[in-house]
């Protein structure tokens, strides 16, 4: 059991780490070096410390479900199918739509990790009193959305880069070069808190379990606050372009586009609107998770899985699956410079 839980935490954190390395490959040398050498050590040590002293919360003769309930198979199969299909489409897009930027790996890897989480949920259904099965399922489903947040963070930075430097500097609330650094590092920090809290929540000692839940909730709250700041930055970016650079807001030569296609998209607002929708979906999930952990490990929201599907799995799936219709690279391949638009500045 102990080995299973330790492998689960290490695998999930390793998945996130690798995606983050690829995503930030084009950042400065200091950030790349720190991510490669320091974070690898931090993630590995955290996984070991969080899980090295795990004990079974129910003895071998006690068949009570670890989560307080046994998940239903039908919604699990449905979620598995939906996430699996979306993950497959994301991977296909990544390989067939040039130029295959590495920062886009965070999205298909995140969807794949969620799919694995629901596969592990089926495993837990078969053995609901097995602590190893529970931890594996919980870590993948709880932590995978961190990659969805990272995707949005990097997309805003890349979207701003498609405009003239003057436009990006005047319309962004935070300088473009700092967006990935600030928000992705915030994502890393809250990820560590949630991973550590998830490990402590599986201890035998009730006091340690409560500490683990509180630690996870702190991570979720900080993550929600960080994402709220990002959402505000995204909205302000769009509003400032609309008011200060109206010609850039409504591209003169934009053409109709096809859904589920490799064709380039000239109108950057398509991606902008999709990102706004993803912010709403992720925010709903964040609020739900905070409320869930605030109620405790055996709280009402925690033991009624219907709320999990309505306020967590479904909003995330809708938000991230929108990129199945419009792959972001199709928009980011277009450069919105003064050669394409006559920018009019209104002060």
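Every residue gets a Cβ built from N, Cα and C, even glycine.
What TrEMBL says about a protein is an automatic prediction, not a curated fact.
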Where TrEMBL places transmembrane segment among the ranges 158-176, 177-195: 177-195
Listed range which TrEMBL flags as transmembrane segment, given the options 34-54, 244-264: 34-54
Paired segments the transmembrane segment (134-156) and the transmembrane segment (270-288) in contact, 3+ CB pairs under 8 A: yes
